[in-house]
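First the structure, in the form of structure tokens, and then the observations on it.
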Ligand SMILES: Nc1nc2c(ncn2[C@@H]2O[C@H](COP(=O)(O)OP(=O)(O)OP(=O)(O)O)[C@@H](O)[C@H]2O)c(=O)[nH]1
Ligand SMILES: [Zn+2]
């Protein structure tokens with residue numbers, strides 16, 4: 001299960017061409033970043049492509065005004081775009097997605113078919129109401145609906161719409177209607193090319209630049225520095241914590257110990273017992289201090305890339321009986337939404353192309369290797385269960401293929 005966004009795009013070698021491309025990349029990222037902000041505040045945006053235009057708003061945030069703007073731009077009645085798993089839950093019917101949701105899942109006879117990993121539900125007037133849209137989007141919200149929506153074919157730009165909501169760490173559920181570009185222009189809706197939404201994760205990862213660095217002695221590693229990396233979109237920074245002199249070790253052909261640690265507010269900062277992140281974070285720094293060298297990449301990929309708000313929703317679903325993988329999927333997200341191109345770019349910029357990786361997760365090894373990092377070895381990084389996270393650790397081994405030693 002290699003996460004998406006892990007294939008390094010070809011980088012330009014001609015410096016002039018490179019500058020021109022990075023200008024275009026930075027304009028594209030600005031557009032997508034603005035579109036994400038619009039969705040997060042409940043404003044519709046216009047997705048464009050050669051096949052037409054689609055006006056979309058996030059079901060989680062849209063209000064009466066946003067719905068009126070969609071109606072004014074729409075060429076046809078609006079639908080609700082959902083991940084197939086969520087659509088199946090709403091319809092209370094099994095569903096076959098064109099993109100198989102899980103290795104080994106058998107197609108269910110008599111199940112609904114969907115295209116491109118997206119399902120579309122027709123929204124009759126009774127469902128075009130902000131509170132009901134939130135219930136349709138959110139498996140944690142109440143179930144009561146005045147009518148069961150009907151499954152229809154999604155627009156060709158629907159996958160980009162879901163992608164945009166995911167970039168905003170919103171529930172992947174959007175009110176959407178085909179629109180005429182010029183009509184929507186009169187409404188002053190932000191336009192964003194669907195292709196730029198789809199290429200955004202790779203563009204953001206490959207435009208990271210070092211922006212600040214400081215010596216920060218740590219309780220467990222006095223000789224430590226923090227280097228901050230920022231992408232051209234101005235989004236949240238990723239951090240590298242360097243223990244000792246890993247760059248020197250790499251320069252003389254060595255392979256320093258590296259941990260790619262995805263941020264976990266609850267585990268890293270609060271000491272939550274639901275996961276193993278806190279012990280893994282501190283354990284990694286201690287291990288690097290013992291070795292004398294190491295790099296801990298602290299990646300802004302909270303909740304395996306679904307964001308803190310969705311992780312809290314996933315926890316509520318887990319309290320209702322789902323495991324960590326199915327809870328992600330019930331929200332409409334993949335089991336693991338992380339890409340490791342960010343980590344690979346940071347290592348490349350630090351001058352560390354060969355590493356020994358501190359992990360139990362084989363996907364991290366293959367993800368980094370696919371992005372051009374030479375992973376010469378793995379060092380296991382397991383901590384004992386604490387009585388609360390036992391099932392979480394079991395699920396990582398059983399369903400994510402995490403190595404037990
Ligand atoms: N979606 C979701 N994310 C979780 C849950 N529990 C922990 N996480 C997140 O999982 C991530 C932990 O990732 P890591 O420790 O870097 O990686 P890993 O895949 O467990 O692999 P290792 O390298 O073996 O630790 C953090 O971003 C946590 O916020 C959960 O129940 N649901
Ligand atoms: Zn955690």
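In case you wondered, yes, glycine gets a Cβ from its N, Cα and C as well.
Unlike curated records, TrEMBL annotations are generated automatically.
When TrEMBL records 259, 260, 261, 262, 263, 280, 302, 303, 304, 359, 364 as binding GTP, the matching candidate from 207, 324, 395 it lists for that site is 324. Cβ proximity to the Zn(2+) site centre (mean Cβ of 264, 275, 277, cutoff 8 Å) flags the following additional same-chain residues: 266, 267, 268, 272, 274, 276, 278, 280, 281. Cβ-based neighbour count (10 Å, all protein chains) for residue 359 (GTP binding site) stands at 23. For the GTP site listed in the record, the two most distant Cα atoms among 259, 260, 261, 262, 263, 280, 302, 303, 304, 324, 359, 364 lie 22 Å apart. Cβ neighbour count for residue 275 (Zn(2+) binding site): 22 (other Cβ atoms within 10 Å of its Cβ, all protein chains included).
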